[in-house]
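**Q** Shown below is the structure under consideration.
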Amino acid sequence: MNSSEIRKRYLEFFAARGHRVIPSASLIPGNDPTLLWTSAGMVPFKPYFTGVATPEFRRVVTCQKCLRTPDIEMVGRTARHHTFFEMLGNFSFGDYFKERAIPWAWEFVTRDLGLAPEHLWISVYLDDNEAFDHWRGLGVPAERIVRLGRDTNFWEIGVGPCGPCSEVYYDRGPAYGCESASCGPGCDCDRWLEIWNLVFIQYFRNEAGDYSPLESPGIDTGMGLERVASVLQGVNTNFDTDLFRGLIDYTAGVLGVRYGDDPAGDAALKVIADHGRAITFAIADGVLPSNEGRGYVIRRLLRRAVRKALLLGREKPFLEGVALAVIEQMAGAYPELETARDSVRKVVRFEEERFRQTLTQGNEIIGRLIAEARAEKRSTLEGAAAFQLYDTYGFPLELTREICAEQGLAVDEAGFEAALKAQQQKARSSRRETRYVEERETFFRNLRDEIGLTRFVGYEQLEADAGVRALIRDGQRVPAAGSGEQVSLVVDTTPCYAESGGQVGDHGLIEGENVRGRITDTFAPVEGLHVHEVVVEAGVLEEGARIRILVDGSRRRKICRNHTATHLLHRTLKAVLGTHVNQAGSLVAPERLRFDFTHIQPLSEAELAEVESRINEIVLSNLRVESFQTSFDRARELGAVALFGEKYGDLVRVVQIDGVSMELCGGTHVLSTAEIGPVKITAESSVGAGLRRLEAVTGMEALAFLNSRNEQLHRIAQAVRVPVSELVVHVERLLDHQKKLQRENEQLQDRLQVYEVKELLDRASTHEGVRILATSVRARDMAELRSMLDLLRERLGSAVIVLGSAVNGKVSLVASVSRDLVARGLHAGAIIKEAAAVAGGGGGGRPEMAQAGGKNPEKLTEALEKARQVVLRRVDGGSA
C-alpha cells in the first residue's frame, strides 16, 4: 500500500465517523511564539486542550506536516530519524473517549490497513485498567498487552491537561530483536515498532503537581505515516518507503552514485532526501534561511545536504532539483507546495550558490588551520579559530566540527564558547536598558491594575472628553503639572492611537477649563493603557480634571494613507516576488513608510517598477477599505494574514481592502484606496540575511519627492550643458571615456611595475645556494602585491620571496617558496606567520604561497627582516 493510499484511507475512515477533515497547519505555529515549529499533530489544537479557545468542531482528523531537529545528527544513521515527517491524527475535544478511540484504532489497523492481529502488541499506562479492559474486549490477548511507566506512557507538558497513553506496536519478529530477556514493546531494538500513540487527556495538573479529573476528557492520537508505510510496504527502514525512495534514486542519479553500494554514501543520500523535504516544506510555509530562529534551522539543513553531496563528489548546485522532486511527489497532498514552487526554487538556488561561495573561502581557511594543527601535532582545532570561521565567514560550528572529525581532529568548543561570550559582553549596555524597560513596564502594569484600562475611541472619532486618571514625571506619579512642564498623561478615554504594530503614536491637543497643552506622542507601555506625552502650554493640568483631547487630524490622515499603503505593499510583494514574502517589521509615520520583509536578494529595477505600478493601479481603483472584529480562528479561515511571532487574543481586528488584502491589524486606515494618492518607492536595502527593506512615500510627500528628483535632474543637465532628454546618453559617453582613461592608466601602471621588478631583482641575495628576496614595494592593494610576486617568481625561479607594502595604515605581506626549496623544508606559511606577528598581525597559507596582514606600518621593515632571518635559520638547519 503506497503512502498516498494510507493517508487517504486514514482521513476517510475518521471522516465517516463524524470527524471534520482539517488541512495541515503551517510548520510555523500559528498564534504561539513559544514554539519554533509545529512538531506534533496536536500543536494546532493546543489552545483547545488547554482551554484557551473553544473548538468549532468536537471531532477532527488531520495529516499534519511536522518538523523536529533535536536529533539532526542521527538522520541517515538510523532507520527512522527524520527532521520532516507526517503525523496522522484523530482528535476529540470533549466528545468521545477511550470507549471509541480504542475500538476505532483496532478496526483501522486490522481491517483498513490489513495488519495481522497476531503481529500487534499494545502498551497501556501502569494503572490504566480502563484502557486495558477495552483492548481485551476487542480480543487482544492479555499477554500481548503490556503495562509501561510514566516515562513512555503518560503525556504531560507541565501545568495543564494531561493523561495516560496507549500505544500500538508492530512485532517485526525475533530476527530484529536484541535477544534481551526483557525485550518487549518499549524496547529500543528494531523488533518492536510503535505505529500509533493514543493519548487520553483526562486530568489537569496544577502548579503544585496535583492531578484532578477533567469534566470533558479528550483524545489526541498520532500515527507516523513514514513508520506505518515501512510496515505495510515490507521494508526495513523508512527511507526505503515510497516517501523517500524516489527522492533518493533521483538524487543518486544526479550525483552519479548508486544507492546500496556504500553505507557512507547511502547515509549521505538519506540525509539529502530528508533535509530536502524539510527545507522545501519550510520555505513553502514562508521560512527563509537566516542566522537565527527558524531561518537558522533551515540554513543548517540546507548546508548539511550540500556538504553531504560534496562528499559524494558533487561540485555543482543540485538541491533545487531535489526540492522540485519533493514538490512533484507531495503537491497532491499539500497544494501549497505548487503555489510556492517558484519561491522555493529561487530560495534554494540562491542559498546553495551562496553557501558554495562560503565553502570555497571557508574550506581554504579550515584546510590551512587543520594543516597547521597537524604540523604542530595538535589533535584539536583552536576554539578562537573556529569562532573566527563562524563570525567572519559564516561557517557554522557544526560544519567545522564535521570537517574536523573527517580529518581526525576535535574542535575546542569551550574555546569557541569563550570567544562567543567575549563578543556578547559588548551587549551589556543593551541588557541594562532591558532591565530599565522591565522596571518601567512593571510600574505601568501596577498603575493599570489600580486605575483601569484606557478606552480607545480613535477609530470612530478624533475628539473625545476624558478624565485625567494619572500624571507621571520621572517614573513617579505627581498631582499636577504647570505651564512649560512636560508630563505623561493617562486618561480614561482617548481618541489618540498609541504606537503599536509599526504605526507611530498620535499627536494632538488637550483643552480644559484652566489648561491647554500639546500632545507630542502616545504610546502603550502595557496592553490596554494609553500614555500621552504632554507639554503644558498654559494653566495647570491636575489629576481628576476633565479635559478634551483633539487628535492632529492632518497628521493622522497622513499616517492612515501610509498604513493602508503598507498593506498594499505587503500584498503586492507577495504577488510579484512569491509567497515566501512575509512582513518582518514596519514603520508607519506621517511623512514616510518603511517595510521590512523576508526575501533573499535585492529587488531588480524591473521588480521595483512592477511593485510600484501595481500598488498605484490599486490606489486608482478606489477600492473600499473596511475593518471588523472576529475570532482569531475565524479570521484565519477567511484568509487573513497574521504576523509570525505575534501573539493575538481570541478577538482580533481585521482590515480588508476589497478583493486585494486582508490582515490582522489594530492600526488606522483610509476608507478607500484613492485617499492614499500616489505611492513612490524611495529606497531598497538589506537589513540582514534574508531580510530586505523598502521605503516609500505617499500623497503630497510622493509629489514632493518626484519634484525634488526632477529638480536634481535639471541641475545635473545644466552642469554638463545638455538638455534633460539627452542626459542619459551624455552620461554613458562620459563613463565610456572614463573607462578608456582607466585602462590607459592601468597599462602605464603595468609598465611601471615591470621596471620596478627589474630593479627589485638586484636586491636578491644568495645564502648557501638559496636566493632570498625580502623587500618592501609600492603596491595599491593585495592584488597588485600578488601580481608583483608572480612576476618575480617567473624571473627568479628557485627562490624565497617575501614582499611587503603599507597602504592606508595597514601592512600587507605575501610570500612564495619554489617547489625545490619546499622539499628542503622551507614553508611560506610558516615564514609569513612569524613576519606578520612583528607587524602586529597574522596570516598563513600553503608551503608554496602565503599572505598576511598587520596593523603597524612602522614595523614593515622589521617584519621583512624577520622573514629573511627565518629563511636563513632554516637554511642553516633550524626550523622554518
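Keep in mind that glycine also has a Cβ here, set from the backbone N, Cα and C atoms.
Got these off Swiss-Prot a minute ago, pasting:
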- H563, H567, C665, H669: Zn(2+) binding site (BINDING)
**Q** If you draw a 10 Å sphere around the Cβ of H669 (Zn(2+) binding site), how many other Cβ atoms fall inside it, taking every protein chain shown into account?
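**A** If we count other Cβ atoms within 10 Å of H669 (Zn(2+) binding site), we arrive at 26.
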**Q** Long-range neighbours only, meaning 6 or more apart in sequence with Cβ under 8 Å: which ones does H563 (Zn(2+) binding site) have?
**A** Q503, V588, L593, C665, G667, T668, H669
**Q** Could you name the residues, excluding H563, H567, C665, H669, of the same chain that surround the Zn(2+) site, i.e. Cβ within 8 Å of the Cβ centre of those residues, in sequence order?
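**A** My list of surrounding residues reads C560, T564, T566, V588, V625, V655, E663, G667, T668.
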**Q** When you measure from the Cβ of H567 (Zn(2+) binding site), how many other Cβ atoms are you left with inside 10 Å?
**A** 25
**Q** Please report the DSSP secondary structure of H669 (Zn(2+) binding site), reduced to three states.
**A** coil
**Q** CB neighbours of C665 (Zn(2+) binding site) within 10 A?
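**A** Neighbour count, Cβ to Cβ under the 10 Å cut-off: 26.
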